2 protein chains.
Amino acid sequence: MQWLNINDAGFEGAFRKIVNDRRDGDANVTRQVDTILSDVRARGDAALSELTARFDNHTLSSDTDWAISAEECKAAFDGLDADLRDALTLAATRIRTYHEAQLPEDRDYTDADGVRLGARWHPVDAAGLYVPGGRAAYPSSLLMNAIPAKVAGVKRLAVVTPTPKGVVNPLVLAAAHLAGISEIWRVGGAQAVGALAYGTERIKRVDVITGPGNAWVAEAKRQLYGVVGIDMVAGPSEILVIADGQNNPEWIAADLLSQAEHDPNAQSILITDDAGFARQVEDQVDVQSAMLATKNVAQKSWQDHGVIIQVDDIAQSIDLANDLAAEHVELAVDNPQPLFDGIRHAGSIFIGRYAPEAVGDYVAGPNHVLPTGRRARFASGLSVLDFMKRSSFIELDEAALKAIGPAAATLAHAEGLPAHAISIESRLK
Amino acid sequence: MQWLNINDAGFEGAFRKIVNDRRDGDANVTRQVDTILSDVRARGDAALSELTARFDNHTLSSDTDWAISAEECKAAFDGLDADLRDALTLAATRIRTYHEAQLPEDRDYTDADGVRLGARWHPVDAAGLYVPGGRAAYPSSLLMNAIPAKVAGVKRLAVVTPTPKGVVNPLVLAAAHLAGISEIWRVGGAQAVGALAYGTERIKRVDVITGPGNAWVAEAKRQLYGVVGIDMVAGPSEILVIADGQNNPEWIAADLLSQAEHDPNAQSILITDDAGFARQVEDQVDVQSAMLATKNVAQKSWQDHGVIIQVDDIAQSIDLANDLAAEHVELAVDNPQPLFDGIRHAGSIFIGRYAPEAVGDYVAGPNHVLPTGRRARFASGLSVLDFMKRSSFIELDEAALKAIGPAAATLAHAEGLPAHAISIESRLK
């Protein structure tokens with residue numbers, strides 16, 4: 001953990017280093033993924049089988065080796081404890097409600113020159129959702145990816161998820177049932193992403209691939225961007241907590257640890273104007289992390305990437321937050337609105353002392369798939385729009401073409417594109 | 001040019017080949033771009049200078065070698081012929097009007113559980129626009145990229161454009177003046193894209209890079225996706241014209257040639273239910289293309305990539321169009337609305353006999369930067385949204401956390417993330 005004071009001589013350099021630090025990326029992964037994708041593209045299911053045997057220790061031969069049925073998902077859902085089933089259902093309902101309001105509106109109007117103009121939105125035909133297996137098998141991620149796609153109106157949703165040694169995660173299956181998924185393939189890694197993008201004998205090609213994964217999955221999506229649409233290049237998780245001295249240090253320590261426990265490369269940053277409070281939080285992080293089942297990951301993350309930044313005035317945190325462009329930003333102060341109004345770059349903002357980030361991971365409603373690695377400078381969280389696209393349109397009659405066509409022909413001539421000009425002028429002869 | 005009949009035995013295979021044909025991509029370009037980007041990242045302006053001397057035959061030493069001033073742009077605009085100035089101004093006005101209506105609305109509401117939820121949109125801080133030099137120096141592209149960024153509220157717009165042998169294009173400068181651009185760098189190619197993404201001593205880093213370019217520029221953007229936002233991976237242009245036999249073959253031939261003249265790899269496709277009409281169009285393409293200043297490019301494109309598809313019933317074109325997911329689709333029929341309603345995948349649709357695609361390139365209003373290479377399956381044309389991003393937000397008080405927090409804690413425990421659960425439970429103790 002690093003402790004910085006905004007008044008220290010070296011502050012600007014140390015802070016800049018944190019902003020520019022890339023906690024992801026590895027040239028080896030790039031090459032390995034390139035090889036895997038070429039193999040899946042060339043040999044389809046045969047390559048998938050070999051790679052799944054090698055990486056997941058799972059043999060793909062019978063149909064049930066390949067796929068999980070809707071009946072198995074329903075059985076998993078029915079078999080859940082009631083409180084877990086209720087929690088999952090509450091999450092699905094709140095996520096659906098929030099995302100339904102994201103549906104874009106078509107435009108269709110005729111302007112003063114008689115030109116009909118507009119734009120129509122359509123869902124993609126098919127979306128592929130990556131759901132991690134093993135340690136990080138999160139039913140919440142399945143809901144966060146599947147529900148926006150369903151709300152967008154996507155007809156076909158294909159889930160891929162690795163089942164190491166054949167083991168499936170019943171919570172993920174239950175979430176798939178709740179989200180109305182009926183196509184689940186037991187493959188993972190870069191090879192699963194390649195299968196979704198190129199298609200194989202068994203797995204039909206999709207148009208968009210979303211969902212979290214490890215470095216190989218993220219790199220596969222990056223390499224296939226353009227062949228398919230993808231949600232984002234995802235990196236390790238991060239949280240920035242802006243807190244005055246009036247918070248309970250236990251709460252803030254838990255918030256910092258809730259990101260740290262995700263990944264040894266996750267980053268938790270506290271900005272506060274109260275050094276005594278910061279020291280209490282630091283102590284609490286040590287006390288709490290020692291008791292966590294996720295202790296090894298959480299402690300490593302905090303040790304390697306944790307930061308406490310001490311400022312004179314909490315208002316100074318606005319500029320720092322905009323430079324950090326963090327995935328999650330908490331505003332644990334009495335009057336959070338001015339801070340909220342000043343923060344332009346953040347994936348998601350948690351306002352007030354009773355809004356721990358974890359609520360947003362599960363049940364608040366907004367998507368928990370958010371831009372990491374300072375990408376909130378230019379990227380947004382996952383939404384219904386990631387599963388839709390827009391066609392613009394133009395309709396002209398002879399009078400409308402007479403009104404605006406000559407200017408277009410003039411520009412076409414000036415750009416040295418005579419056929420462009422002829423296509424207009426021949427209609428106006 | 002290929003002629004296909006939907007009733008021929010080999011139709012499905014031949015059509016599938018056209019759909020899957022990739023007219024772009026080259027592994028050599030990938031490696032060269034990788035080398036250039038690493039060099040610019042490591043050595044900044046020194047690398048830029050060397051690469052610009054080598055590729056553009058332009059020496060970067062004095063400030064005026066490096067940049068074009070706002071005064072030069074104003075002088076170029078003032079020096080235009082009146083009809084060209086008026087045409088450019090009409091284009092800018094119509095483009096601005098269309099894009100202003102794309103500005104998204106923020107959401108901010110409190111739901112029945114007392115949870116305040118919403119999303120706020122902000123522009124990116126800085127956008128970089130690539131404007132090609134040399135043969136394909138299009139002022140219209142500058143307007144189509146710069147105006148949406150300005151409408152989005154982007155504070156800093158940095159244009160890069162190569163000036164081979166030091167030659168600048170006055171039309172591009174005039175368009176820059178009209179769009180309110182005051183930062184123009186005389187660099188191009190992958191090196192210019194790298195400078196915008198990483199920043200150099202002279203050129204400050206941007207957040208989003210848009211604009212057309214050759215294969216090196218497109219590959220540089222693809223490789224830097226994630227470091228910055230980009231508009232799309234762009235490939236050669238394409239048009240699909242759906243026309244019955246009641247059209248003037250001269251008009252339709254000009255429409256096909258207006259794409260063909262862009263690039264030898266461009267693709268023009270005609271679908272018609274009238275074989276005699278198709279033959280007339282074919283003849284007209286030959287007659288007109290022989291007279292074009294762009295004849296070499298247009299004839300090569302038509303010869304290598306042109307297609308005529310003969311159908312029995314014009315309604316059959318809907319499924320074909322959705323498979324082709326073309327950048328531009330023209331509907332030159334008497335009653336275009338049913339076709340329009342059926343086409344889900346297209347960059348932009350031109351409705352009726354008096355809507356040649358070229359009108360959309362310049363003055364109609366919608367953006368002419370559109371998805372190519374079947375990417376309209378999942379991508380949209382450039383819009384104001386490409387220069388903005390959304391932060392979701394959540395505000396809870398104690399009562400709201402009591403209402404939805406326990407479900408989140410249940411899910412956190414089930415996912416094996418105890419610190420997530422503690423961050424909620426410690427607040428509810």
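Residue numbering: from 1, along the chain as shown.
Even glycines carry a Cβ here, placed using N, Cα and C.
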Which residue of B:Asn214, B:Asn247 does TrEMBL report at the same NAD(+) site as B:Tyr130, B:Gln191? B:Asn214
Among B:Asp125, B:Asp207, B:Asp361, which residue does TrEMBL annotate as binding substrate at the site that also has B:Ser237, B:Gln259, B:His262, B:His328, B:Glu415, B:His420? B:Asp361
Between B:Ser237 (substrate binding site) and B:His328 (active site, proton acceptor), what is the CA-CA distance rounded to a whole number of Å? 9
Which whole-number value in Å describes the distance between the Cα atoms of B:Glu415 (substrate binding site) and B:Asn214 (NAD(+) binding site)? 47
Quick test of understanding: given the recorded positions B:Asn214, B:Glu327, B:Glu415, name the ones whose C-beta is under 8 angstroms from chain A. B:Glu415
For each of B:His262, B:His420, count the other CB atoms within 10 A of its CB; which of these binding-site residues has the top count? B:His420
Just name the most isolated of the recorded positions B:Glu327, B:Asp361, B:Glu415, going by other Cβ atoms within 10 Å of its Cβ. B:Glu415
Count, for each of the binding-site residues B:Gln191, B:Asn214, B:Ser237, B:Gln259, the other C-beta atoms lying within 10 angstroms of its own C-beta, and report the residue with the smallest count. B:Asn214
Neighbour count (Cβ, 10 Å) for B:Tyr130 (NAD(+) binding site): 28
For B:His328 (active site, proton acceptor), what residues in its own chain, 6 or more apart in sequence, show a Cβ-Cβ distance under 8 Å? B:Ser237, B:Glu238, B:Ile239, B:Leu240, B:Gln259, B:Ala346, B:Gly347, B:Ser348, B:Phe350, B:Glu357, B:Gly360, B:Leu370
B:His328 (active site, proton acceptor) -> DSSP, reduced to three states, gives strand
Under a three-state DSSP reduction, the secondary structure at B:Gln259 (substrate binding site) is helix
